[in-house]
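**Q** Below you'll find the structure I mean.
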Amino acid sequence: MNCYLLLRFMLGIPLLWPCLGATENSQTKKVKQPVRSHLRVKRGWVWNQFFVPEEMNTTSHHIGQLRSDLDNGNNSFQYKLLGAGAGSTFIIDERTGDIYAIQKLDREERSLYILRAQVIDIATGRAVEPESEFVIKVSDINDNEPKFLDEPYEAIVPEMSPEGTLVIQVTASDADDPSSGNNARLLYSLLQGQPYFSVEPTTGVIRISSKMDRELQDEYWVIIQAKDMIGQPGALSGTTSVLIKLSDVNDNKPIFKESLYRLTVSESAPTGTSIGTIMAYDNDIGENAEMDYSIEEDDSQTFDIITNHETQEGIVILKKKVDFEHQNHYGIRAKVKNHHVPEQLMKYHTEASTTFIKIQVEDVDEPPLFLLPYYVFEVFEETPQGSFVGVVSATDPDNRKSPIRYSITRSKVFNINDNGTITTSNSLDREISAWYNLSITATEKYNIEQISSIPLYVQVLNINDHAPEFSQYYETYVCENAGSGQVIQTISAVDRDESIEEHHFYFNLSVEDTNNSSFTIIDNQDNTAVILTNRTGFNLQEEPVFYISILIADNGIPSLTSTNTLTIHVCDCGDSGSTQTCQYQELVLSMGFKTEVIIAILICIMIIFGFIFLTLGLKQRRKQILFPEKSEDFRENIFQYDDEGGGEEDTEAFDIAELRSSTIMRERKTRKTTSAEIRSLYRQSLQVGPDSAIFRKFILEKLEEANTDPCAPPFDSLQTYAFEGTGSLAGSLSSLESAVSDQDESYDYLNELGPRFKRLACMFGSAVQSNN
């Protein structure tokens, strides 16, 4: 009730503020002038409670009364109710001011209604009191059961968790008013889940009551009930289910299924071969069930175990090849342990599970065995045929010791005999092939299926059998104005023999060129040399080319020397002294032409091309004069209409060959109906084509057909035929229907179109005269 009075006071402040302002203004005015008005008594609204319970089933429920203190009960005032819900949810008695609720209300949908009230004097129609707001509050009743809004609930908790471990918290919600008594105060209880779980009554927190083992049961269903009104009689309740799953912890160690495993292995099996599998089981799941298999150190020389992490099996593999003749059985001990073991769970894994594995070696017929995995031999090049290279050896590892035969796979350079001795079958050249990669095959004599192969590498050693030579072809030029001591070329040499660090070349001029005073050579002692001029000035006309013989020797044993010729061209370098243009001049001079001759040849070529272009241009201009207009294509038959088509007859062209034939046979046929739109077009004729007799005969035949055709349409049409023509200067004739009347049209201009239109001019001229 106190809250309601406070709310009324706060809502009434805005309504009283104008009155307070008016009072203040009145007091201010009293200071300035004497009071003239009578003392007024303050009036206002009078009402009692404004509460209505929700879910009232009566059709009309009285809420309270609005009344003005000016109302003396003579029914002279009219009360009106305004705002949301007025007239639909709430009504007011216009005479008494009583307010009624005409609908069932639900506080959870709307708990407050703010309305406005007016009181009007019926006689004057004016408001007696200022419009006022008031609040109707819907009272709450316990009509909503608690609901769990976050369903479904699911929680995961580790197995073997201690008592009191928090699992999950469930929360229910009640739509009733929490400030109205105990309607929304909830109490939680456990309907299903004992004795492993418990729930706190006020918070809904679920906790573990006793330890649980996932291997016995991995999930539990717990049912929680929530009651409002703190569980008092008449309270409403709601329930929810919680699925609680136990997560696995590594509280179980792996154990072998068998205490003894028997496996076999062939002595021919290569290393890495899988011999068999062993298996242990673990009640845990996930990474807690991942295992690591191993072999005790004393037995791990020949065999090993790897773990297949997908199947959790131990795969026994061959670590080292076995020999039946040396040892035909083995015994090893394997153990298994978990891969992930937390420190707090080490008490469950103090001792690893073990098993014993017996492995039997199976005897097989083995191929020959070489003493070495590969052989490397060396031989000098240019050795004679049949020279010794080396010896390979293989034996039969079996007890019967079968004889061995040797062979070299795809080799035409080397031979091998039954003793494994390798010799050359051809001469060797290191510059052709420095290494030979071969394959030696050993085969048992009594069992040719037993074959072994190993690689054989033969290196051909170098001897000094190639003389040095120029590393490239040199184009050397010297200017006519070159001075003495000028470097004109740097040369280097190569040797096809094997390159060594101390490989060195020596450069000298030949005995014949030593006395030559034009050029000299200086050895740079780094396998290069420079060519220098030995005089000042050269003459291109007298001595255009010099040939110098250069001796290049190596430091091999024995030393080899070669003679190489360097060609030096004399070049007119001009004032710049540069030899960049010497190559072009050399090409010109090699053709035997001087510069003046080449210029003359170029001028002649330009004149010839100019004459050709001029001739082509004149021919093109003549063609343009013969055919000045190209507005249309040349055709054998040309039909042109200015109307929108004349039907199928537009596509029927005549054959010009028929016009030129001596005998013309034509059949009369009915003309198809065409549109009445007529256009005509005259064309220019270049006075070329068949003679007029042919056209005259053709036109007369067409005229005869038109005059005798009973199905001809009632309009004229003009068809123009041209022979290789390009148009007419006369222009287009107007359609006969384009004129408004014959009286408005003058056809005198037809007389100006020439003799070709004379007949047409006579026809229209006579028609005009007859009309006149």
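Backbone N, Cα and C define each Cβ position, glycine as well.
What Swiss-Prot shows for this protein is this:
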type     : residues : note
DOMAIN   : 44-148   : domain 'Cadherin 1'
DOMAIN   : 149-256  : domain 'Cadherin 2'
DOMAIN   : 257-370  : domain 'Cadherin 3'
DOMAIN   : 371-470  : domain 'Cadherin 4'
DOMAIN   : 470-581  : domain 'Cadherin 5'
TOPO_DOM : 44-596   : topological domain 'Extracellular'
TOPO_DOM : 618-772  : topological domain 'Cytoplasmic'
TRANSMEM : 597-617  : transmembrane segment
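Give me the lay of the land around each of these features.
**A** The domain 'Cadherin 1' (44-148): residue composition by secondary structure is 0 helix, 50 strand, 55 coil, according to DSSP.
With DSSP states grouped into helix (H, G, I), strand (E, B) and coil, the domain 'Cadherin 2' (149-256) comes out at 3 helix, 47 strand, 58 coil.
In terms of DSSP helix, strand and coil, the domain 'Cadherin 4' (371-470) has 0 helix, 47 strand, 53 coil.
Within the model, the topological domain 'Cytoplasmic' (618-772) shows a mean pLDDT value of 58, rounded to a whole number.
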